[in-house]
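Undergrad: I have a structure I would like to understand better, so I am pasting it below and will then ask my questions one at a time.
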Amino acid sequence: MIARIAVASAVFSMDKPFDYRIPDSLTLQPGQRVRVPFGASNRRTEGIVLAVMPDGAERPDGPAFKPVEAALDPEPLLSRAALHLAAFVRERYFCTFYDAVRAILPAGVWFQPRDRYTLAENAAWDDRWRNPAAQAVFQTLQTLGGAAEESALRAQFEAEALQRALQYLRQKKLVTCETSHRRRVNDKTERIAVLAVPAEEARRFAQSHQASAPVQAAAMELLATLGECACKELCYYAGATSATLRRLEKLELLTLREQEVLPPPPPAAAADPKPLLLTPQQQAAYDSLSARLQDASPGTALLYGVTGSGKTAVYLRLIDDCLTAGRGAIVLVPEIALTPQLLRQFSARYGARVAVLHSALRISERYETWKRIRSGDADVVLGTRSAVFAPVRDLGLLIVDEEQEHTYQSENAPRYHAREVAIYRGAQEHALTVLGSATPTVESMYRAVTGAFGLCRITERYNGRPLPPVEIVDMKRELREGNASIISEPLLLALRENLRLGQQSILYLNRRGTSRMLACVECGSVPMCPGCSLPLTYHHANGRLMCHICGHSEPMPARCPVCGGHLRQIGCGTQRVEEQLQNLLPGVGVLRMDADTVSAVNTHEKLFRRFREERIPILLGTQMVAKGLDFENVTLSAVLDADLSLYASDYRAAETTFSLIAQVAGRAGRGKLGGRAILQTMTPQNQTIRFAAEQNYDAFFEAELPLRQLRGCPPYRDLLTVTFHGREEERVWQAALAFRARLDGLLHSEFYRGETAAVLGPAPASVARINYHYRCRLTLSCVNTRRLRELLAFLVREFAKDRSFRGVGAFVDVNGRE
DNA sequence: AGCACGCCGACT
DNA sequence: GTCGGCGTGCTC
């Protein structure tokens, strides 16, 4: 028999199925992983069986197929449906088959390759060979009895020299290498630095090396007070790199050890399940979706319900139906940490049948959960993005809650969009896909109104309360009238009023980009990262300037490096707003919630609980306060800078802004007390902001649609971007230009006549340089057909093989954000 | 990517 | 003779 196999070591430019002979001792099925020899040197690599075929399909000429060496799984790890899904992800998102497989499977199933080197029989060293390093490794192997693991050799030799020596010995046919695969279920660990000398001695070291090695001195000073510290943090505060710490380890001033990172504790136990009473609108939505669920091909439906309309109750009833029919369900949420309520509801209602999947799980936990789903013990899956691949048996229902959230789009390797995968998987497995949102993406609403999706609307809030009135405050006028603060006069009045009434307020700061960068007051220059085209941001905690992308860190200069002027923070972070609030409202409690104050200890949930229980008057924060929970006592919510997200280059800018404003406004007036919202903006006449203030989604949608058509964006066209990157700016741009010429040429040929496509660029990527690598991109605005995707994949393969473009890489993104 | 193979100039 | 560097081609 012959097995058609996707191998792990294939890169994009050579990714295709390879055929192997199945030895008689093995029986293989599609979805099983195997170990196979690959390439001229027959190095062992992992692969996954795609199909098994009878003999006779061998190539007429050419050598015979190599044999499969071993099965790595006793039974298939991926179902046929999952293999199909992997093929979809590969084709749709321009990655290798194995990249797709890696996205689908949990980390716990992966094997770690281990190399073992064995001396050839009667191998002897020839004195004519002049390679002392290789000779030393050879002799070590002899003393070790003729064979050793690479890890054992690594203890005695420096890594790079060892590689060269082994390569040499292999070429001389003195040693052979065998790769075995061992399962790896290791959890996340972090490196801890421990002080190895008395604190006084460490301080003396710090003193005496202040001038000659300031970074080492800073690290030792810190360690002297802390005793031990996570390396990451030590580096952060001292501005050190791991090399610094290794040097200090060599000096025997500190020791390094690995420690397991404990995941956050699971959320509190379940409350009693509440009976689900549906309003007439909820009932109508449920009835229509439930009817679809019975269909042989239920397709996709959009559940559009304003904030607080009770979409969750509809989900739960649908899941009940699905389970009753003996089928499983997957519910995707943007972020688990922000949905503790939902989590509790699920475990209260479905108990042990629920499986929760998200990134904060330990690898082992994640693997156990995955197995529980696969075995059928758990048939309700609640999870983030990657849970869309959960191995649920007989899947009946896929729910994507808050489908407009960008967290559904993966940021690395297969840059898939979980919503799109859910729609495809639903169709493939005859399951109903429900997209839920209070502010649906223009794409989804378009597909709903044009009939591709079903559409259910819930226009009333669950408690029958109206959406809070929204007041727009013109910040330019505030400025003209002499108020340069980020808190406008009307907002200040509203805050004072709320304080008087003992009610709470939520302030949302739309922080992006400019928030923490510095600029010189005199010459206006902005300290930039040396390797990236990004301004450095100031970090209060360590008093250093840091680069978000590459992690570069430098001490905060006392004066402007260009002209010696004063450096000042521009833009407005939450810290600045907090200070301003303290000045305007002395003594009033403010709970700040952003990436700096939320940690493993201070979880979202804890902070939210404090806000609720301690009745802290003001909650101030970024993204996360826009979602969060329902608070009875919150009667005022405000967006401090509604404009900031409007001017991103992304085609979704207006949509995102609308959605955020609607969410923040929806935070107020959830309880009996009613409420109101305030929107501060520099552009009060802006259409998106006006519609958002009116909470008029339909008007926003109608206005946005023609703009999307004009710009050739989704839902009318897809944007396929090819990003080129490399160390030499010239070559990167030349490569992009050459690629464009080739693409243009083919698009104009007879074969592609029927395709609708416009090529734009090359243009610099939004971050034109990252870590000393330049990047630019071509954009193809097109009707996204298989034929065009194949063309693009072909061109990228051709590009990767073309030696004249060496040093320049290229990858494709589909409707990506930057 | 990762590796072998072949060709060339340099060094002993 | 031997080594290392580099360009080329292939992976069932």
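A Cβ is built for glycine as well, from the same backbone N, Cα and C atoms used for every other residue.
Okay, so TrEMBL annotates it like this:
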BINDING   A:C520, A:C523, A:C560, A:C563  Zn(2+) 1 binding site
BINDING   A:C529, A:C532, A:C547, A:C550  Zn(2+) 2 binding site
DOMAIN    A:292-458  domain 'Helicase ATP-binding'
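So that I understand the layout, could you describe where these features sit and how close they are to other parts?
TA: Of all Cβ atoms in the shown protein chains, 12 besides its own fall within 10 Å of the Cβ of A:C523 (Zn(2+) 1 binding site).
DSSP assigns A:C550 (Zn(2+) 2 binding site) to coil in the three-state reduction, outside any helix or strand.
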Undergrad: Would you count the other C-beta atoms found within 10 angstroms of the C-beta of A:C560 (Zn(2+) 1 binding site) for me?
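TA: The Cβ of A:C560 (Zn(2+) 1 binding site) has 21 Cβ neighbours within 10 Å.
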Undergrad: By Cβ count within 10 Å, point out the most packed of the binding-site residues listed: A:C520, A:C529, A:C532, A:C547, A:C563.
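TA: Counting Cβ neighbours within 10 Å, the top one is A:C529.
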Undergrad: Which residues, in sequence order, are found in the same chain with Cβ within 8 Å of the centroid defined by the Cβ atoms of A:C520, A:C523, A:C560, A:C563 at the Zn(2+) 1 site, excluding those residues themselves?
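TA: Going along the sequence, the neighbours come out as A:V521, A:E522, A:G524, A:S525, A:R559, A:P561, A:V562, A:G564, A:G565, A:L567.
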Undergrad: CA-CA, which of the binding-site residues A:C529, A:C532, A:C547 lies nearest A:C563 (Zn(2+) 1 binding site)?
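TA: Closest by Cα: A:C529.
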Undergrad: Show which residues of the chain containing A:C550 (Zn(2+) 2 binding site), separated from it by at least 6 in sequence, have their CB under 8 Å from its CB.
TA: A:C529, A:G531, A:C532, A:I770, A:N771
Undergrad: Give me the CA-CA distance between A:C547 (Zn(2+) 2 binding site) and A:C523 (Zn(2+) 1 binding site), in Å, as a whole number.
TA: 22
Undergrad: Mean pLDDT for the domain 'Helicase ATP-binding' (A:292-458), as a whole number?
TA: 94
Undergrad: Can you check what DSSP calls A:C523 (Zn(2+) 1 binding site), collapsed to helix, strand or coil?
TA: coil
